[in-house]
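A.B. asks: From TrEMBL, here are the annotated features:
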- B:SER14: active site (ACT_SITE)
- B:HIS41: active site (ACT_SITE)
- B:ASP134: active site (ACT_SITE)
- B:2-185: domain 'CheB-type methylesterase' (DOMAIN)
Amino acid sequence: MISPTPSDTELAELLDAVYHRYHYDFRGYAEASLRRRLASALTHLRCASVGELRARVLAQPRCFSELLQFLTVQVSDLFRDPSYFRSIREKVVPYLRTFPSIKVWVAGCATGEEAYSLAIVFAEEGLLDRTLIYATDIHPESLRVAEAGVYALDRFARFSDSYRLAGGHGSLANFYTAQYSSAILDRKLKQSILFSDHSLATDVAFAEVELVSCRNVLIYFDRPLQDRAIGVLRDSVRRKGFLGLGAKETLRFSPHAEAFTEAVPEDRIYQRR
Amino acid sequence: MAAREVHMIVIGGSSGAIDALRAILPALPTGYPLPLAVLLHLPPTQPSHLVEVFRAQARLPVCEPDDKEPIMPGTIYVAPPNYHLLVERRGSFALSVDLPVLFSRPSIDVLFESAAAAYGPHLAGVLLSGANEDGARGLECIARAGGLTFVESPATAAVRTMPAAALQRTAVAHSAPAADLGKLLARLAATPRPVEAS
Ligand SMILES: C[S@@+](CC[C@H](N)C(=O)[O-])C[C@H]1O[C@@H](n2cnc3c(N)ncnc32)[C@H](O)[C@@H]1O
């Protein structure tokens, strides 16, 4: 069955309501994929229309938490796109080494895998002791999962392959303990990461860091919101510091492009001028 | 009788579709004005070589679009692996890592449905050989929005499942062997299509 697509007005009214009641701003999100996720939310939450969903979300905070699960995409992996992490290790780490203390920001960290992947690279390169990683997201449940650092063990065969492709020196098993069907990440990794709530849509820069990694988050924003978010990222990277994006994200279409040079074009790693 | 023009072509396929595209793409002449988005199911973890494969066949420029890439005339855009490819209403591409649909990412349904919403009657959709039913729903969306629909005829397709599933849902789809589909697409650019008054 093909459900009727919600009108622009219905969609705008829902997002306005969510913004005013819960202060989550989805109004500048890329529309095509947002509409798809909204359609599955309607099915799962058994709402006949967007209007009905809006009424329920306004009346019940619990319904909003469920909707949030659909409006955002909580998909991540350890060492997703191994060549990115290899380039961080080979091209960015040598620069970071020159600093007595290092700050990193992972923006849109979802359930934490990207931040932990970087922590593992930094540990192997002997930098973790002097590194602080801020990892932020708007999704409270994901931040809880990220903070716990416990993942399904059956994902680790694939993660180990990616770890090796990313230039891992030893064995991924050095960084977790297996317990029943779970993998518990090393406490040392967790201690170097500070997870907290931050929105690229509504908040501003909160620190100046040597490296910002923001992968597969900007794809969910429309062009104006991307410009805003990239502005926040730019404000957070120190001079000559680095900004890493997802494999299909680019500064090519952004007015902020001239603030950066392309450090590793094939892995979308930029350096602040 | 109003004239309706096609502004964009979307093509989906799975196993056997590379061969079909080898027959279709060379039929499009240099200077062909329409943009094409081509989406084939691929293993998620390997880099795709489709851009090189199609460059060798086609007389048009071929590339993998980045997020927010504006859709330019006469260009063949190849969906990258491990992302969904969508069309935004402002005439640009968007990518997403939303969960697979019918076990596929990229998903043909996702591309076709978003393109139908963006281009309505000015879209042509083509579904090629494949071993699953991805694309059937998307092609139906295109037809409902008033767009043109084509499938590789199941009788000549390497794997008939995909075009057959689409024909079952979208009876109006025009079915033809790959070589003829190439000629049909070449002609889409030449003549505005007459639309019957209803
Ligand atoms: C697909 S995940 C990316 C996870 C990880 N960075 C990776 O590449 O594997 C997208 C994340 O962006 C987050 N997100 C969405 N809107 C955001 C916003 N306005 N500010 C910060 N994060 C946001 C979502 O909650 C989700 O966790």
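Each residue's number is its place along the chain shown, starting with 1.
Cβ atoms are placed via backbone N, Cα and C, with glycine included.
Neighbours and distances for these, please.
C.D. replies: Secondary structure at B:SER14 (active site), taken from DSSP and collapsed to helix, strand or coil, is coil. Residue density at B:SER14 (active site): 25 other Cβ atoms are found within 10 A of its Cβ, drawing on all protein chains shown.
B:HIS41 (active site) has a Cβ environment of 25 other Cβ atoms inside 10 Å. A coil conformation is recorded for B:HIS41 (active site) in the three-state DSSP classification, outside any helix or strand.
B:ASP134 (active site) is surrounded by 30 other CB atoms, counting those within 10 A of its CB over all protein chains shown.
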A.B. asks: Whole-number answer please: how many Å between the C-alpha atoms of B:HIS41 (active site) and B:SER14 (active site)?
C.D. replies: 5
A.B. asks: Quick check: in three-state DSSP terms, what is B:ASP134 (active site)?
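C.D. replies: The three-state answer is coil.
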A.B. asks: Would you mind reading off the Cα separation of B:SER14 (active site) from B:ASP134 (active site), to the nearest angstrom?
C.D. replies: 9
